[in-house]
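Participant: Let me give you the structure first, and then I'll get to my questions.
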Amino acid sequence: MADVPDNAPQHCPGTASEQAGKTSSCEGCPNQKACASGDTKAPDPAIAEIGAKMATVKHIILVLSGKGGVGKSTFSAHLAHALASGLLDVDICGPSIPRIMGLEGEQVHQSGSGWSPVYVDDNLAVMSIGFLLSSPDDAVIWRGPKKNGMIKQFLRDVDWGELDYLIVDTPPGTSDEHLSIVQYLSSTHIDGAVIITTPQDVRKEIRFCQKVKLPIIGVVENMSGFVCPSCKNTSQIFPPTSGGAEKMCLDLDLPLLGKVPLDPRIARSCDEGKSFLNEVPDSPAAKVYLNIVQSIKDYCSNRVTEEQSTT
């Protein structure tokens, strides 16, 4: 969790928990007295600092998935390309964004206002732990508190400047990192989450968003059939086991933003560090992507209008 100190025992309940300093796992911890006193339940001062740092970012969008391998990072990269925005990779143990964006080998530089992101173009900035590793093959083997500390540092220290959109590529599943990013961004304006799935189900990820009161912009069904480049017929490579994303969205009253078909050229463009939307703009997958991007932009615009009308 985001509120677990680096020197805490393995089963620490977290400094903000009602059980802080009171459980058997707290015995012998150097923080036990402070936790039991209630002093640690004060808000993390970094939350206010992050709010001030992010004041120049108009819209923040999280990209989530229930499991790995569904194309979440690929979607995040294409969304960032289409919106000409900032892209923050908080998949600490599996950073793939530098390769997808064609930025492997790049390094982060520090200025008086914080860390400078790496730029693909003048209007597309990227930050990832991949830029801090000596080699793309280096393994990041960190426990939760250290990963959360890295996420906090990214949010507090990266100087994005004026941004219309910040896309946050999260790890798969629901873990410490997800709780941390929602907590640390609580003083900012998170527009919501886009959930990526294959034709299988992602109800657990949706329940997570509901529990932490994170708005859901919509669901994207990725790898939704293969369109033959010759005959144009669509074949189901991953047949839905429970009705697919469309049925799930109907059941849960959620927007289905689009169904992106499989296209080998997407993987190839990612391996080459190029934008699929620029390389093959007339493909069926690219057209679906652009419709999804427009839906997300409309959602963010409508959200701003609604907030202005209530103030």
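From the backbone N, Cα and C atoms, a Cβ is placed for every residue, glycine too.
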Participant: In TrEMBL, which of the ranges 1-24, 97-120 has the region 'Disordered' annotation?
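Facilitator: It is 1-24 that TrEMBL annotates as region 'Disordered'.
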Participant: Counting across all protein chains shown, how many other Cβ atoms sit within 10 Å of the Cβ of Gly68 (ATP binding site)?
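Facilitator: Result for Gly68 (ATP binding site): 13 other Cβ atoms within 10 Å.
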Participant: Considering only the binding-site residues Cys12, Cys29, Cys231, which residue has the minimal Cα-Cα separation from Val70 (ATP binding site)?
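Facilitator: Of all the candidates listed, Cys231 is nearest in space.
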Participant: For ATP, what surrounds Gly66, Lys67, Gly68, Gly69, Val70, Gly71, Lys72, Ser73 with a Cβ no more than 8 Å from their Cβ centroid?
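Facilitator: What remains near the Cβ centre is Ser65, Pro172, Ile196, Thr198, Asn222.
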